[in-house]
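Pulled from Swiss-Prot:
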ACT_SITE  Asp13  active site, proton acceptor
ACT_SITE  His41  active site, proton donor
BINDING   12-18, 40-42, Arg305, 331-333, 413-415  GTP binding site
BINDING   Asp13, Gly40  Mg(2+) binding site
BINDING   Asp13, Glu14, Gly15, Lys16, Asn38, Ala39, Gly40, His41, Thr130, Arg144, Gln224, Thr239, Arg303  IMP binding site
BINDING   Thr299, Val300, Thr301, Asn302, Arg303, Val304, Arg305  substrate binding site
Amino acid sequence: MASIVVVGLQWGDEGKGKIVDWLSVSADAVVRFQGGNNAGHTVVADGRVYKLSLLPTSVLRQNKLSMIGSGVALDPYALVREVDSLKDSGIFLDPDSLCLSESCPLVLSVHRDADSIMEEMRGNESIGTTCMGIGPCYEDKVGRRAIRLCDLLDETSLYDKVLCLLSYHNLLRRATNRREVTPHEIMDELTQIAPKVLPFMKPVPEIIVSLIKQGKTVLFEGAQGALLDIDHGTYPYVTSSNTVAGYVRVGCGVGALGDMRVLGLAKAYTTRVGNGPFATEQTGTVGDAMFERGREVGTVTNRVRRCGWFDAVSVRQAALSSGASEMVITKLDVLDTIDEIKVCTKYRCGEESYDYLPAASHIQNRLEPVYETLPGWRTSTLGAVSRSDLPENAVSYISRLEELVGVPVSLVSTGPERNHIVPMNP
């Protein structure tokens, strides 16, 4: 059975949680392979809203194995809070249903502090980070001073690693007139949480390989979107990890995954949280309508999302960087009330024309979209579950997106509930 990868093709918030939840019915295990608790997934099941940030969406399904790979920046306190919150909903996780990679770098209080300090220092050039410490945690990982989950097993060696970590972080704190953090503070932070997270620690790569050899279906759940990828996104307004499908092998520690079915998700329009270029952004009535109908507020941060028309140029490039074999269009119903719908087919910048997204930020900031206008359908698609439920103009719109992006659309999401999904090629 082929592995399934679900990734975003925009700036995140494409509805990956809902699609992973829907696909996980036929999967045996779901793995998060990058990001941290700065990314949120919302799933509506039987009228109840579940908001997840670290845990794979499969925790909402019975008898599914959920795993977190080493590519994830793991905030142990955030993880425990999330596990505890699910208990209130009658969902109980144990080491047989949730596995954490031994190599996960841990997000600590000093990382959140560093995130806030650096964002403050950027002033008007701020990136719009969530200040949850994800970026500084990844910096420490690359700098070979991160505390990893497996380090919690031995307090003696852990103390030496904490000293190394603080020798770096206290430099920043001294330079910005902040109080230095003592090793005992970090040791207390870690030793208190260790008994709650260590029971979940398992050799995740070995488990994944074993499942694949048994012919089981493993689903890999991405966070954020390709346009936020540290290498392929709208740098520097990006996240601190690789969000494209190719990172699955690195973030899980398994090189031989066999055939991969890559589903790239995109909203029927575009949204973005935080700062950065956004060529198709709409700040008037259209953007307001998308915001209100789409309820475009961040799951984790409650920040308002910027809204605009579908950008086929950037989505095509994102599909290319992730090797998307299928596309999933979400929130089609948000466009139900719009008379004419625009799609960006190329960019202009001065005398130049671009059919791709240039890497240079000074060009990205000046790009002007060239639009193609398509007729709306002015009919409700909310809750549609079959292709025949969709108006002709809605089907034509989806077909045009397929042509422009160059990837077939296999699923269309038409509402918040987990069953509001239209298979386009049943």
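Keep in mind that glycine also has a Cβ here, set from the backbone N, Cα and C atoms.
Just so it is clear, the model here is predicted, and its values are computed rather than measured.
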For Gly15 (GTP binding site), which residues of its chain lie six or more apart in sequence with Cβ-Cβ distance below 8 Å?
Leu265, Lys267, Val328, Thr330, Lys331, Ser413
Binding-site residues compared (Val304, Leu332) - the one with the fewest other Cβ atoms within 10 Å:
Val304
Largest separation between Cα atoms (Å) of residues that the record links to IMP, namely Asp13, Glu14, Gly15, Lys16, Asn38, Ala39, Gly40, His41, Thr130, Arg144, Gln224, Thr239, Arg303:
34
If I restrict to non-local contacts, at least six residues apart, and a C-beta distance under 8 angstroms, what lies near Thr414 (GTP binding site) in its own chain?
Leu332, Asp333, Thr381, Leu382, Gly383, Ala384, Val385, Asp389, Leu390, His420, Ile421, Val422
Check the binding-site residues Gly12, Gly40 for other C-beta atoms within 10 angstroms of each C-beta and report the one with the most.
Gly12
Which residue, out of the binding-site residues Thr42, Gln224, shows the minimum number of other Cβ atoms inside 10 Å of its Cβ in this structure?
Thr42
Mind checking which of Asn38, Thr130, Asn302 has the fewest other CB atoms within 10 A of its CB? They're the binding-site residues.
Asn302
